[in-house]
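Sharing a structure with you now.
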Amino acid sequence: MKFTLSWLKDHLDTTASVDEIAEALTDLGLEVEGIENPAARLAGFTLAHVKSASQHPDADRLRVCVVETNEGEKQIVCGAPNAREGITVVLAKPGDYVPGIDVTLSVGNIRGVESHGMMCSERELELSDEHDGIIELPSGEVGERFIDWLAENDPAKVDPVIEIAITPNRPDALGVAGIARDLAARGIGTLKTRAYAPVPGDFDCPIKVTIDEDTRDGCPLFTGRLIRDVRNGPSPQWLQDQLRAIGLRPISALVDITNYMTYDHNRPLHVFDADKVKGNLRVHRAAGGETLKALDEKEYTFQPGMMVISDDEGAESIAGIMGGDATGCTEETVNVFLESAYWDNVQIALAGRALKINSDARYRFERGVDPAYTLEGLEHATQMILDICGGEASTVVIAGAVPDHSRAYKLDAERVRSLVGMDIPESEQRQTLTRLGFRLEGNMAHVPSWRPDVQGEADLVEEVARIASLTKLVGRPLPRLTDGVPKPVMTPQQRRLSMARRTAASLGYNECVSYTFIDQASAALFGGGTDATMLENPISSEMSHMRPDLLPGLLAAAARNQARGFADLALFEAGPVFHGGEPGEQRAQIAGLLVGRTGPKDVHGAARAVDLYDAKADAEAVLAAMGAPAKVQILRDGDGWWHPGRHGRICLGPKKVLGVFGELHPRVLQAMDVKGPAVAFVLWPEEVPLPRKSGTTRAALALRDLQAVERDFAFVVDAGVEALTLVNAAAGADKALIEDVRVFDEFIGGSLGEGKKSLAITVRLQPTETTLKEKDIEAVSAKIVEKVAKATGGTLRG
């Protein structure tokens with residue numbers, strides 16, 4: 001919501017500065033998002049007088065001017081066609097920043113002639129698009145600040161523009177009058193009350209309006225009147241300036257008046273060209289399939305049940321959202337029908353979302369407008385049209401009635417203290433509510449029609465506290481139930497996630513926090529995107545489904561970083577993923593993503609691309625931090641978004657999956673617009689077994705008194721035999737002595753023959769009772785060879 005300071009002062013008698021107003025608005029809950037003050041960018045420019053202007057000796061289109069400034073006479077080279085002796089101009093000196101051309105001036109040399117400054121055009125000062133010549137002022141003293149001259153002669157050019165963020169519960173603040181009311185209640189000036197007398201009708205309105213019975217819940221009230229013999233030319237300069245200041249383009253007097261009413265009083269209106277309306281108007285629900293070309297020149301198809309305004313020949317307006325092109329006003333329009341109606345906010349929101357139309361009218365109606373101002377807004381707009389466009393007005397046609405909005409709640413002065421903790425005198429509380437438009441009868445506060453958000457006694461307390469300022473609230477420490485510093489309360493799952501985050505960060509990963517909603521295509525890549533995870537009311541089409549995995553968010557972040565030149569990335573995230581709407585279909589997950597290289601090239605060699613072993617090592621480190629057992633199995637056959645043959649599942653047995661690591665499928669990387677190589681891991685903290693003991697200290701490391709022995713074995717097996725099968729067989733030969741089995745070599749080809757390979761392992765034997773003798777080692781070795789042969793069909797390589 002944007003408005004200018006002068007516009008605000010139309011409703012508020014105040015001497016407060018822009019900064020004071022901005023601070024008060026933010027404190028009142030109307031957060032100021034920005035202030036555009038033209039005076040700030042024009043502060044350095046001064047007025048000067050051209051004493052002489054002669055032809056440049058080396059350029060036909062340039063003139064050498066002698067300019068009188070507050071620092072004496074200066075020579076300036078100028079190419080403007082209107083640069084001549086005797087005019088008063090706006091001067092930019094060396095060192096001044098000229099916003100329209102984004103240049104800080106310095107003393108220049110133009111074709112051999114020095115130039116000590118610049119005489120500015122309106123476009124160079126961002127005052128307008130005019131750039132045919134330099135600014136000529138009808139008055140002004142040499143050295144006078146240009147902003148001071150503008151403030152006196154053309155104040156709209158230096159009128160500050162304030163932009164505030166409006167929360168959905170404050171539709172009254174979508175009008176400048178509502179903002180002024182809040183400021184007046186705070187004490188930042190006095191509210192200017194305006195009474196708009198009804199405009200008497202000079203003739204009966206020839207256009208009648210009816211509302212179908214099944215549509216009255218969506219349109220309780222419709223008012224309108226015919227105004228004939230209007231002149232729809234350009235609107236007055238003051239109106240054009242106000243609209244331009246807030247980013248609206250002036251179109252014509254009639255359209256500008258309706259736009260003004262929208263922002264001034266949060267009262268959207270619509271103007272029909274009455275000569276194009278065929279017969280009477282009817283508010284009804286669409287049967288479905290009807291089409292209408294709207295004012296944005298797009299054609300829309302109505303769904304069954306949408307509210308429509310039709311004449312005798314068909315639909316002419318999308319009710320409460322946008323008018324039709326066929327009955328729109330042009331410069332030739334002389335007779336108009338002015339509409340002011342009250343529409344149900346929910347039905348307008350549903351229709352606008354279905355038709356994908358974002359208009360000022362929809363934005364306001366779906367948040368709620370003042371139902372009691374419907375007729376008064378019509379009278380106000382009628383008077384503006386008569387004043388600006390001329391003409392004569394008919395009597396008002398009214399269909400329906402103002403919906404009952406009356407409600408009252410008890411004002412309990414003690415509730416402010418109990419709910420907010422502020423001591424505010426009862427008289428001040430009553431005065432605050434009165435200034436906000438509440439009507440007090442005894443201890444009952446009647447809510448004004450423009451405040452649909454006030455729905456109970458607690459809301460009255462909020463209004464009182466908001467106007468008094470919550471910055472005055474004094475903090476009080478909570479009472480302690482126990483002495484000393486309380487211990488943090490964390491569940492085992494929370495402790496695991498915290499430790500996992502710290503470990504991933506210590507490994508060099510940057511934490512991401514992404515949306516839990518993603519688009520359907522991305523969700524489908526990772527096993528989701530079904531109706532079970534589709535949102536009923538998504539923020540946008542790109543956020544239509546709950547995420548089935550954390551990797552889509554990490555890949556999207558990687559794609560954005562790569563698009564900005566960051567090729568090497570290490571990202572992780574911890575959060576929930578979803579496979580349905582039931583509690584058991586939501587799980588916690590930790591995911592990490594490595595993209596690009598592990599580091600830059602250096603004196604030790606070239607940069608190394610990330611591989612699946614990087615992801616494996618990091619996954620094991622995070623699992624260890626969460627308390628996972630050291631001995632796990634690495635199995636094949638992960639999900640389809642992993643590269644086949646280049647990933648593994650970290651398991652405790654065939655069914656207990658702790659996580660997955662490996663390369664991502666090239667198809668997934670291409671779909672997510674990520675340039676590889678890319679490896680990742682995902683972990684399931686809930687699958688990590690809890691420790692049997694609840695002690696917080698880790699057991700001391702047990703060192704063996706007896707020396708361990710290592711023996712190497714090389715087995716020739718079929719090419720299809722997995723190394724894990726061989727390792728498990730060797731480890732099971734003697735579980736009491738064999739502490740560890742590791743693969744250290746694989747060989748294919750040579751004398752082994754077709755379909756064979758050699759796998760070499762190191763077996764570590766750790767005695768517990770006595771030192772191993774050679775015969776003991778040989779006995780264990782024989783068991784290992786026997787077990788491997790039985791499990792894999794392999795033979796010891798000679």
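Just so it is clear, glycine is given a Cβ too, placed from its N, Cα and C backbone atoms.
From Swiss-Prot, here are the annotated features:
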BINDING   ASP453, ASP459, GLU462, GLU463  Mg(2+) binding site
DOMAIN    39-147  domain 'tRNA-binding'
DOMAIN    404-475  domain 'B5'
DOMAIN    704-797  domain 'FDX-ACB'
Could you give me the DSSP helix, strand and coil counts for the domain 'tRNA-binding' (39-147)?
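The breakdown for the domain 'tRNA-binding' (39-147) reads 5 helix, 44 strand, 60 coil.
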So how many other Cβ atoms are close to GLU462 (Mg(2+) binding site), meaning within 10 Å of its Cβ?
18
Other Cβ atoms within 10 Å is the metric here; tell me which of the binding-site residues ASP453, ASP459, GLU463 scores highest.
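Of the binding-site residues ASP453, ASP459, GLU463, the highest Cβ count within 10 Å belongs to GLU463.
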In the same chain, outside ASP453, ASP459, GLU462, GLU463, whose C-beta lies within 8 angstroms of the Cβ mean position for the Mg(2+) site?
ARG451, VAL454, ALA458, LEU460, VAL461, ARG466
Reduce the DSSP letter at ASP459 (Mg(2+) binding site) to three states and note it down.
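DSSP assigns ASP459 (Mg(2+) binding site) to helix.
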By DSSP, what is the split of the domain 'FDX-ACB' (704-797) into helix, strand and coil residues?
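Residue counts in helix, strand and coil order: 31 helix, 33 strand, 30 coil.
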Please list, for the domain 'B5' (404-475), how many residues fall into helix, strand and coil according to DSSP.
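Helix/strand/coil tally for the domain 'B5' (404-475): 32 helix, 9 strand, 31 coil.
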